[in-house]
Structure formats: C-alpha cells, structure tokens
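Colleague: Mind having a look at this structure? Questions to follow.
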Amino acid sequence: MFVSQAVMAAQLGDRGGLSKGGSRKEKLRAMAVGMGAASEGGQYSGKMTPFVVLSCMMAAMGGVLFGYDIGISGGVTSMEAFLVKFFPEVDRKMKEDKDISNYCKFDSQLLTSFTSSLYLAGLVASFFASSVTKSFGRKPSIIFSGLVFIAGSALGGAATNIYMLIFGRVLLGVGVGFANQAVPLYLSEMAPSKYRGAINNGFQLSVGIGALTANLINFGTHKIKAGYGWRISLAMAAFPASILTLGALFLPETPNSLLQLGKPYQLVDEMLQRIRGTSDVQSELADLIKASEIAKSIDNPLKNIMRRKYRPQLVMAIAIPFFQQVTGINVIAFYAPVLFRTIGLGESASLFSAIMTGAVGLVTTFISMLVVDKLGRRALFIAGGVQMFVSQIIVGALLAALLGDEGSVSKGYSFVLLVLICVYVAGFGWSWGPLGWLVPSEIFPLEIRSAGQSITVATNFVFTFIIAQTFLAMLCHLKAGIFFFFGGWVVVMTVFVYCFLPETKNLPIEKVELVWRQHWCFLLCWYSITTASQNSLQA
C-alpha cells in the first residue's frame, strides 16, 4: 500500500505545475507516508463548485424517474377508462355494488400487482446493480437505468393487455433499481462534506418533483374524452428518462469510483481539484486512496458486510429503509387518489388533492436540504416522527368517527382531512423521506459501500412491494385503523433513531466510520468480539 502511494506521489510530482518550489511534491510524499490525516476539524479544503452542482442535478434526475412512477401509478388506477380496459371488476364494484364497504371498493390483487410488480423487479435488479456499480462505476449504472426506463415507458403506453402492462412495469422496476443504487452513492461521493446532506437530499427532492409532475399530468390526461389519457401518463415517463440518459453521458465519474476502478492517481487528483475548486486536495486524496486500498483487499463485499465489525451499519442499512416504508407514506404516494375517492371525493377532486399533497412534500424536502447540515440528521428524524404520528392519529380518529362502510365525509371534514394529510406529508418530507436515502449512503466505508447500498435498496423494495401489494386489502380489513397501524410504527422508529443513530453531519464521507467507533452500539459489538476472541484463546 505504501509503495502504491509513493508511486502516486511521483506521478503527481512529475506533472507540470505541481512542483512550485517543490512544495506540492513534498506535501504529496508526506501524505503518502503519513497516510494523510484529514485537515483540521475533520474538514477538507474546497467549496461548492458549479461543476458539482450541475453534475449532481443531472444525476438526481434518477430520483425523478422513481417519483414519476410512484405518482403516475396511483393516478391511472383511479381513471375510469384505465379500470374499464384492464380491471373491469374494480370498475363494476365501484358503479354497481352498493353494498360493498367504502374501504373495499379498490381491493383487487390484480390491481395491486400492477403497482407492486415494479418494486419486485427493482428488488431483483438492485443485487445486479451492486456488482455493476462497483465493477464499472456509478455512471454506467445511471445510463443503463435510463435506457431500461425508456423501454418500460414505451411498453406501458402502448399496452393492449394486462401482460404488456405488467411487463412494462417490470422494466421500469429494473430501471428504478439501478438508479436507486447508483444515484445516492454518486451524490454522496461528489458532494463536499459540509454540503453532503443538502446535495444527497436532492435525490428525494427529485423524487418529489417526479411525483408532483405525474400528478399534474394525471390531472390533465384524465379529462381526455376519448379515454386514452392513461396512455399519455404512462408513456410520458420516457421524457425524464431520456434527459437522464443523455445527460449521464456527460457526467464525470466520482473520485471514489475512479480509484475503485483502478484509474491512475493523477486522474483522480485532477478530478478532485476540478470538483473541489482548489489544488489543496492532498488530505482528501490520501483518505480516498487509503479507503480504496482497503476496498481492493475485499473479495466479497456482501460476505464481508456480515462481519461483526460492520454490524451497526448493517442494522441501519436494513432498519432505516424498513422504517421509511412503514411510515405509511405509500398510503399517500401510491394510492392518494384512491384514498381521496374512498372518503367521497370525485375523480377530478381526488387527483387535484394528490397534487396538493405532492406540492407540500416537494416544498418541505427543499426545506430539509437547507437545514439538514445545520440541524443534523437526528433532529429532523425525531421532529418529523412526532409530526407524522400526531397527524396520523387524528386522521384515523376522524375517519373512524365520520366514515362508515357506506356514504361519504362532508366537504368540510374532507378539507380537514386533506390538511391533516398534508401535515403528515410535510413531516415525512423533511425527515424520513430524504434522510432515508441520505444516511444509509454515507455510513459505510468504501470497501462495502456498494454492497451496503444494495442492501438498503433491496430492503426498501422488499417492504415497498409488501406495502403496495397488501395496502388495499389492509384498508379493506382495518379501515380507519390503518392510520393507527402506521402511527404505531412511527413511534417505534422515532425511539430507534433517538437511541441508536449517531450524528453524521459535516463529516467527510471517508471519516464517517470514525463516529461509529465512539458510539455505544459499536463499542458493544467490539466488546463482544474481543470477549469471544479471548474465550477462544483461553479454550
């Protein structure tokens, strides 16, 4: 390892313009020998450059794909023309079956299969995406996600039967799986440490933009008298996918990934100087090289991540995406128009209400971007959890008191319910929404980062699939109690964050690992390792 770093120093020192009085070369040699401690205060030199902003904005378009699909599926499944063509049984229950409960009108396993098939495909794709992202880089994964998404959009828009429709969703799932694997890693690795929270939260902001755009398109296309509006809604997903694919061709690869791919140190140094806007990148470069050397010594990251020393991070990689899904946000994200129709709003009013909740989520995610690196991750998690819990309990209580199996809620109470749901969405928008992607992407050391992200994405897809597949049946059986069910989980996750999650704001990404070494959870794991080793030696 020392030899390789010395070679790097020689390569950089021989380059013109680096040997200004020998100081640059001497610094790099000292860095190579001394393993390059981070600069004072744990921060590296550098600033937010336009190059980084533009690169991250383009990469974050991957979030638009995810958000658009979340928003579009809920809208088209409430459109009468779409239901008549693919799900006539659901349409018949809505129009003719007067005895069926308000909560059970949309209970159809075939209908939920349309929504959830994407997430099952994304689950499978995420494991392949981990290997591709590690072996070929973040950029190729992003490009591939856009291409597959375009194909899925075309198939969905042209669907003539349920098989074409669901196969199109499967292709969309593959695209989303690759995007959700590569984009959060790309954003975390490109961003300066003191702005990493804001930059990475841009992924969730993009998800919100995609969902809001989908709701607006649904609101317009459902009015098309000829009944083909749903085709436009599904096919329009190809537009952001095309922007992502073309834009990704011009994206730079992250310095972390360049080292992982075995690129020359000189190229990595030049990229770091370009994205940080300074020539003083020795400390960060040294830490990246150190992390890369460790990463290259790991043959099987997925196996290595199971080691006890990584246990705290592994728990977070599973717990955070699980908790993100059982907040109940998908009640709103997937089925907002369906839910609003359940409480008695018409088709147009339901779609417009979904637009309002989408706009609230977008605004609050933007607020989260502004404050996450000042207030920290823990504060937003806890405050958002309290806000979501209170609003969910009130919504559940009102529905239990006002909405029976038949009839509808008055317009006044419908407005109150809409406001409370917006309060809930706001709580998610500045806490579990963006932070559910940010925290897992920044807590793993480089040698297992891609594997850790794949576990995060896979866990997210597993429980997204379960919620999507079971929600309509749960709504039918639990009725208003569905909000109490998710509210209970919000309490559990808020307590979990308070007890177990350390603060990671403003730490360089290759230094985040250090905060775990000081956390009681890590110390407990380390104590158990040393105790087991001592017992083994004594035996």
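Heads up, the Cβ atoms here are built off N, Cα and C, so glycines get one too.
So TrEMBL lists these for the protein:
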| type | residues | note |
| --- | --- | --- |
| TRANSMEM | 51-70 | transmembrane segment |
| DOMAIN | 55-505 | domain 'Major facilitator superfamily (MFS) profile' |
| TRANSMEM | 110-129 | transmembrane segment |
| TRANSMEM | 141-160 | transmembrane segment |
| TRANSMEM | 166-187 | transmembrane segment |
| TRANSMEM | 199-217 | transmembrane segment |
| TRANSMEM | 229-251 | transmembrane segment |
| TRANSMEM | 314-336 | transmembrane segment |
| TRANSMEM | 348-372 | transmembrane segment |
| TRANSMEM | 379-403 | transmembrane segment |
| TRANSMEM | 415-439 | transmembrane segment |
| TRANSMEM | 451-475 | transmembrane segment |
| TRANSMEM | 481-501 | transmembrane segment |
Colleague: Sequence gap of 6 or more, Cβ distance under 8 Å, 3 or more pairs: do the transmembrane segment (379-403) and the transmembrane segment (141-160) meet that?
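Modeller: Contact between the transmembrane segment (379-403) and the transmembrane segment (141-160): absent.
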Colleague: Do the transmembrane segment (141-160) and the transmembrane segment (51-70) share at least 3 Cβ pairs under 8 Å, sequence separation 6 or more?
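Modeller: Contact between the transmembrane segment (51-70) and the transmembrane segment (141-160): present, because at least 3 Cβ pairs are under 8 Å.
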Colleague: Using a Cβ cut-off of under 8 Å, list the residues of the same chain at least 6 residues beyond the transmembrane segment (348-372) that approach it.
Modeller: 71, 74-75, 78, 197-198, 201-202, 204-205, 207-209, 211-212, 215-216, 218-219, 222-223, 332, 336-338, 340-341, 380, 418, 421-422, 425-431, 433-435, 438, 505
Colleague: Please give the sequence-distant neighbours of the transmembrane segment (110-129): residues at least 6 beyond its ends with Cβ less than 8 Å from one of its Cβ atoms.
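Modeller: Residues 69, 73-74, 77, 86-87, 89-90, 141, 162, 165-166, 169-174, 176-178, 180-182, 334, 454, 457-458, 461-462, 464-465, 468-473.
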Colleague: Count the Cβ pairs between the transmembrane segment (51-70) and the transmembrane segment (451-475) that lie under 8 angstroms and are 6 or more residues apart in sequence, then report whether there are at least 3.
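Modeller: These two stretches do not touch.
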Colleague: Mark yes when the transmembrane segment (451-475) and the transmembrane segment (166-187) have three or more Cβ pairs under 8 Å (sequence separation 6 or more) and no when they do not.
Modeller: yes
Colleague: Considering every residue in the domain 'Major facilitator superfamily (MFS) profile' (55-505), what is the mean pLDDT value?
Modeller: 86
